[in-house]
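S.K.: Residues or ranges marked as transmembrane segment in TrEMBL: 205-228, 273-298, 310-332, 344-368, 374-396, 431-453, 465-491, 503-523, 535-557.
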Amino acid sequence: KNAGSLNWPPLTWPFPREYQDKEEVVLWMNTVGPYHNRQETYKYFSLPFCVGSKKSISHYHETLGEALQGVELEFSGLDIKFKDDVMPATYCEIDLDKEKRDAFVYAIKNHYWYQMYIDDLPIWGIVGEADENGEDYYLWTYKKLEIGFNGNRIVDVNLTSEGKVKLVPNTKIQMSYSVKWKKSDVKFEDRFDKYLDPSFFQHRIHWFSIFNSFMMVIFLVGLVSMILMRTLRKDYARYSKEEEMDDMDRDLGDEYGWKQVHGDVFRPSSHPLIFSSLIGSGCQIFAVSLIVIIVAMIEDLYTERGSMLSTAIFVYAATSPVNGYFGGSLYARQGGRRWIKQMFIGAFLIPAMVCGTAFFINFIAIYYHASRAIPFGTMVAVCCICFFVILPLNLVGTILGRNLSGQPNFPCRVNAVPRPIPEKKWFMEPAVIVCLGGILPFGSIFIEMYFIFTSFWAYKIYYVYGFMMLVLVILCIVTVCVTIVCTYFLLNAEDYRWQWTSFLSAASTAIYVYMYSFYYYFFKTKMYGLFQTSFYFGYMAVFSTALGIMCGAIGYMGTSAFVRKIYTNVKID
């Protein structure tokens, strides 16, 4: 059966499927790259390997996520048929001149290894090895494949590399392979379980960190409710029994504190256009995180290449009205006039940041000829999503937001003349509050950060999305509580600039996450080289900024509710 007359339609076969006996099974070569730099990958045939005798089949990128992640499937040319054992056989030979030998030596020195796919199951193999002195280099020339089948599905693939051949210039190296089929009891649904690492992800430390964060949550919620109870109880006590109060309570009452700034507390923030765009974007990122984690908990997204990224892009585009609604309504409440400009900035804030970073890293990837270089067509597709999906949906959200909740309905009137802000102690300054605000939220998530970083930058598949969901909930509660406490102290110091302070004190979590990523890079990974370093710090900056904007928006929303609540109960004479 020649490769020209394949009996399935061109777009269905890279997906897992049911096979007939003796039907062709395709071994795809994906990428090759240094073991310590997971993201630095090149096409398999960029090393001078030879191709099997079978005619080539072209591969299409099935999904946007796969194209963005640099999956480069190429046909290996090996003749494999379902349930048909192949005895050890040579499939091609390499004429090893000096140039080819240098390429292989470089690859072996840098611990290059390659990835292949059979029926969507990944297989990894190492290119070669050096002897102890580092003088002689050897190439593994024999691929011994063991494929497990259950009924007419492939459920397990193992690769053993054998046949160590010394690299000597101007010799011929024969590449060979063998295939052994064996019956397996693994169910088709469970075939990815062997790639997961329960001992790593369900480690005691993981459980302990969740428990630890819960303790923090209980403490903070207690603190916030105490503040609320104290202020509200005092108010009610004062208005019911004005005469029965002692001097201490009277001193704590109207003489100073947050009640003094009731005429300024609902004054619009400085730079309302940027502020409302950030809040809208933060709400959208939160919605995306929530939905993607729920989808990942229900569906095993890790079983398909690039599906996590595709899902995130789709959900981000679909949740654009959330951004428009919260950003647009806040801008209207703050008396903003240039709402179309606000909508554009809100819509393109995150996409511009992500695409800008990706574009910069792309230049380096192109320079290195890495498979991570994003194809031009994919870039165009992403731009089209921005202009034709995200922008119109954002417009819908903005119009709804302006009309449904765009009226300023504050519990207190805003004075015509801003009140002067009195001198206060250095630790009450907004800048200090902002810096300290991110410590507790970061403390509640940093163990989870370790697991997420490891699954992205090392070779673990992240699958414990239940943990991630818990951590997201804990992060929200901690962030809201911390910003409420910060804002309460700020207002008590008669400083009414709480909007930016509440946003930034929550968003400063991002600074701590980025600092942690430096620690992780130097102490937990063995990455090297310009490509990997720029890739790591570029995408870590995007991740941290997005996390910061999300935390900031959550903090502001919680604080806004708190401020409305306490000023609703104030009786202004």
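For all residues, glycine too, the Cβ spot is worked out from N, Cα and C.
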S.K.: Count the Cβ pairs between the transmembrane segment (205-228) and the transmembrane segment (503-523) that lie under 8 angstroms and are 6 or more residues apart in sequence, then report whether there are at least 3.
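M.R.: Between the transmembrane segment (503-523) and the transmembrane segment (205-228), which are separate recorded stretches, there is no contact, as judged by 3 or more close Cβ pairs.
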S.K.: Can you work out which residues elsewhere in the same chain, 6+ from the ends of the transmembrane segment (344-368), have a Cβ less than 8 Å from its Cβ atoms?
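M.R.: That would be 40, 42, 70, 273-274, 276-278, 280-281, 284-285, 316, 320, 323-324, 327-328, 374, 379, 382-383, 386, 390-391, 394, 398, 530-531, 534-535, 538-539, 541-542, 545-546, 549.
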S.K.: Mind checking which residues of the chain, 6+ beyond the ends of the transmembrane segment (465-491), have their Cβ under 8 Å from one of its Cβ atoms?
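M.R.: Those are 201, 206, 210, 213-214, 216-217, 220-221, 223-224, 227, 257-258, 261, 265, 286, 289-290, 293-294, 296-297, 428, 430, 433, 436-437, 440-441, 444-445, 448, 451-452, 497-498, 501-502, 505-506, 509, 551, 554-559, 562-563, in sequence order.
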